[in-house]
Structures are given as C-alpha cells and as structure tokens.
Amino acid sequence: MTFRGDTAVVVLAAGAGTRMRSDTPKVLHTLAGRSMLSHSLHAMAKLAPQHLVVVLGHCHERISPLVDELAESLGRTINVTLQDRPLGTGDAVRCGLSALPADYSGIVVVTAGDTPLLDAETVADLIETHSATSSAVTVLTTTLSDPHGYGRILRTQDNAVMAIVEQTDATPSQREIREVNAGVYAFEITALQSALSRLSSDNAQQELYLPDVIAILRRDGQTVSARHIDDSALVAGVNDRVQLAQLGAELNRRIVAAHQMAGVTVIDPATTWIDVDAAIGRDTVIQPGTQLLGHTQIGDRCEIGPDTTLTDVTVGDNASVVRTHGSSSSIGAAAAVGPFTYLRPGTVLGTGGKLGAFVETKNSTIGAGTKVPHLTYVGDADIGDDSNIGAGSVFVNYDGMTKNRATIGSHVRSGAGTRFVAPVNVGDGAYTGAGTVIRDDVPPGALAVSGGPQRNIEDWVQQKRPGTPSAEAARKASAEQSTPPPDADHPP
C-alpha cells in the first residue's frame, strides 16, 4: 500500500440505526469478535493516515470510551467529534473536518462505520486512483443485482461520473441503474470544503447529502473519478439484523478460507466459526461445530472439536480438545481435554496433562502430565506434575464467605470420590483412599483415609420405608436368602 502520505480518514458513525431495533448502538454490534466500528477503525489504521477521525452522534457517550480503548490498543491517536443533530452525511463530514488542523491540505478519505468488510487494501487502491487522476473527488462504486436502498451512480455518455442520486430521490429509470455508491470517497480537502458550504437540504429526507458534493464539483469543472470494485461484499453496509447475519456469515467464510489456505484443515466450514483475532497453527484439524472466539491461539498439529467453543484460550502444539467449552484458559502442548469438559477462566493445564469427561475447572493450575480423567470439579487449586485425581473428586473451595485454595503436590494419587476441603495441602507422592474427606494437610508419601469401619443397619428400609418398591425388593431378596436350597438327593 503506497500512496501520498498526507491523508486523513473520517469515519462516519453518528447514525441511530433504528432498523436494528436495539438498545445497542448499531456500530457496536459485532461480527467475528469485533464491533462494526472496530472493524472499520482497524482497517483504516492500517493505512497509517496522519489523522483518523470518528464522527459520533447517537449514543456517543457509550461509543466514545470504546474508541479511546481501541486507540490505545492500536497505539495511535483517534480523534472523536460529535454531530449534535442528525442533519445528514454532508453535515457529519463537516463535523469531521473540524477535528483536522486548520492548515491541513491533503486528501480526506470518508467512509462509514457500518461497512465491516471494507479493508485497507481497497481504500489504498482508491487513494492511488485518486492521486493518479489528480481528481477533486474519487468515489468507490460497485454493481449490485439488487441495488435497492443505495445511491445510484449517474454517468455521462462518455462514462464520466456525473452525480449520485439517492434511492428516495431517484426517478424510476434511475432506479434501474445497478452501479451504486459504496459510500467511500477520497477528496481534496479544499474542493470538499467548498462543496460542503453549498449543500442544500432540498430533498426527500431534508438532509445535507454528502453524495450531492459530486454534482457540485462536476458543475465547478473539477475532475470527478470513480474506482469500481467487483467484490461488493467489501462495501456492503448493515442496517438491520438480517444484513448483520449475512455479512457475519460472509466474513466468517473468508476467515475460514484464509486459515485453510494457510495450512489448517477445516472439516466443515459451514459449522465452523472463527473470530478475526483468533490464530491457528499449521496442520491443525478443526472438526465440525467448533467456535474459536476472541483471541484464541491454537498451536500446530492440534485436533479441535467437534462441538467445541474456545474463547480467549491458548492451546499448545499437538493438543486435543474435544467437545469442550473453555474461556480465558491455557492448554499445554500434547495435552488432552474432553469430551464434555468445562474450562472456566484461570485454568492452566500443563504439557501432556489430561482433563477428561465431565470435568470442570476454575482458577486452577494442573501440572504437566497430571490427569483428571472424569467427573471432577477442580476450583482454586494448584496440582503438581504427574498426579492423578480419581473419579468423582471435588475440591471444596468455598466456605460460604471466601474462596480458599488447595495445593496438591506432584505424583499424588487420590482415590475416587475424594473431597479436598480447602485450604489444605497434600504433599508430594501422597495417596488418598476412596471416599476420603481431606480436611487437614497430608504429609509427603502418606496415605490419607477418613471415616471408620462400614456399619450396616439391618432391615432399615423395611422399617423406615415400608410399602416402597425398595422395601418390597428387599423383602423378596431376604426371603430368597433365608430359603435353603433343595437337597439334591431328595428333590421336592
């Protein structure tokens, strides 16, 4: 991307988005893990413009702090300016220009905050065309099979751009035109300022339309150019939730395809969803029904899925994660997780470790080679290397007031159904008997067993639950046991 360096970008994000039927501002609705506005600002920041401006209006008090956070993460300044009244896109651009230095004299790119697939390369091509043609304005256009709702591009007989007419103001014949305004422009700032001062609200919406600038500059004898793109999805806008879902699916298709081209096997792209900030290593296999969300990072040669959702999870090389729901966790190299495993935030599983069926973990570190095979809750615990936690074990971490930690050493073997009542420490190499309740520390190498000998209360069910199916079954079994077997020498 090479173009003239004196460039400012103005992103319009002041609209109310009433067709979304939502309390959330339109530009904050998300696709592939980012809000629409975040997609736009990430793309424009890649151009490294001198100035990046966002024009806000509706719900600006909710959007502005998020813009500040994004600016910090991108490591650049993003200026925010307000459009106090919804007077149209022309007025919004005028508000955006007010955030630029008074002596700025370069190119102004105008785009919208609700075109989430627009990329930096497309805008760079627009700027290159604009500079090469020495135009006052260059507009990005595309052709749609159904152009309803878009402004139509009017051209002269020699194919020069003459004007843009909005859907509501177009004549029946103009509405048949399929080349549309993509809502992305490159302007020379002096030409733009001059045309903005002459905009009129004499139209169906009684607003100041930015596209009317094209006709004004044309009448001034200025050069008006267009850059047509075939990939119309890049400039598709979102006005309702149907369009949000459609563009979300298209963006996901592109993300999945990019991973496939980079060496990832995706068995069923139609049921696989990958956020834009997720990363996947080579020769990893993604099974159907998998969602990789947020900043999830998958290593090389992993097996992920089926039916797995990972949000902000790091997975090391050669790991297997099957039918698992995890968030804000780390899975070590060559580890095995699943099926039906729930990793809550703060889980760290070491290299070669195992979390098996119906295991839930939270805020815990499980060491290298340690196995928690099934039916276990591990919360607020630190488990050393090469230990084994028996089936049905529970880390009892909550005393009704505070969460307490348990520390389990390396090479520990806990029997099935062990209860670790935190805070408690179990030393290296210790064992616990099945069903043991660990309330006190266990020294290294010790066997911990709780509870006395088993005591059977005879006939308790018949006495305490008479008439129940259990009591009847017990009565029959007792009767059969009390009947002597027949004498083989004297059959009945």
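Keep in mind that glycine also has a Cβ here, set from the backbone N, Cα and C atoms.
Summarising the annotation, Swiss-Prot assigns active site, proton acceptor to H374 and lists sequence analysis as the type of evidence. Sequence-distant contacts (6 or more apart, same chain, Cβ under 8 Å) of H374 (active site, proton acceptor) comprise G356, A357, F358, V359, A391.
According to DSSP, G151 (UDP-N-acetyl-alpha-D-glucosamine binding site) sits in a coil region rather than a helix or strand. Marked as UDP-N-acetyl-alpha-D-glucosamine binding site by Swiss-Prot on the basis of sequence analysis: 12-15, K26, Q83, 88-89, G151, E166, N181, N239, R344, K362, Y377, N388.
Long-range Cβ neighbours of N239 (Mg(2+) binding site) (same chain, at least 6 residues apart, Cβ-Cβ under 8 Å): G17, R19, M20, K26, D114, G149. Marked as Mg(2+) binding site by Swiss-Prot: D114, N239.
Under DSSP, N397 (acetyl-CoA binding site) is assigned to coil, being neither helix nor strand in the three-state scheme. Annotated acetyl-CoA binding site per Swiss-Prot: A391, N397, Y398, A434, in sequence order, evidence recorded as sequence analysis.
The region 'Pyrophosphorylase' feature in Swiss-Prot is assigned to 1-241.
Under the heading region 'Linker', Swiss-Prot lists 242-262. Listed by sequence, the residues of this chain that lie at least six past the ends of the region 'Linker' (242-262) yet keep a Cβ under 8 A from its Cβ atoms are 20, 29, 31-32, 116-117, 233, 236, 269, 272-276, 280, 282, 286.
Mean pLDDT for the region 'N-acetyltransferase' (263-492) in this predicted model: 95. The region 'N-acetyltransferase' annotation in Swiss-Prot covers 263-492.
Look at Swiss-Prot and you will find 443-492 tagged as region 'Disordered'.
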In whole Å, how far is A14 (UDP-N-acetyl-alpha-D-glucosamine binding site) from A434 (acetyl-CoA binding site) when you measure between their Cα atoms?
64
Given N397 (acetyl-CoA binding site) and G88 (UDP-N-acetyl-alpha-D-glucosamine binding site), what distance in Å do their CA atoms have, once rounded to a whole number?
58
Could you work out which of the binding-site residues (K26, R344) has its C-beta surrounded by the smallest number of other C-beta atoms within 10 A?
R344
Taking the Cα atoms as reference points, how far is R344 (UDP-N-acetyl-alpha-D-glucosamine binding site) from Y398 (acetyl-CoA binding site) in Å?
16
Between the Cα atoms of L12 (UDP-N-acetyl-alpha-D-glucosamine binding site) and Y398 (acetyl-CoA binding site), what distance do you get, rounded to the nearest Å?
50
Using only the Cα atoms of A391, N397, Y398, A434, which the record gives as binding acetyl-CoA, return the largest interatomic distance in Å, rounded to a whole number.
22
In three-state DSSP terms, the structure that A391 (acetyl-CoA binding site) belongs to:
coil
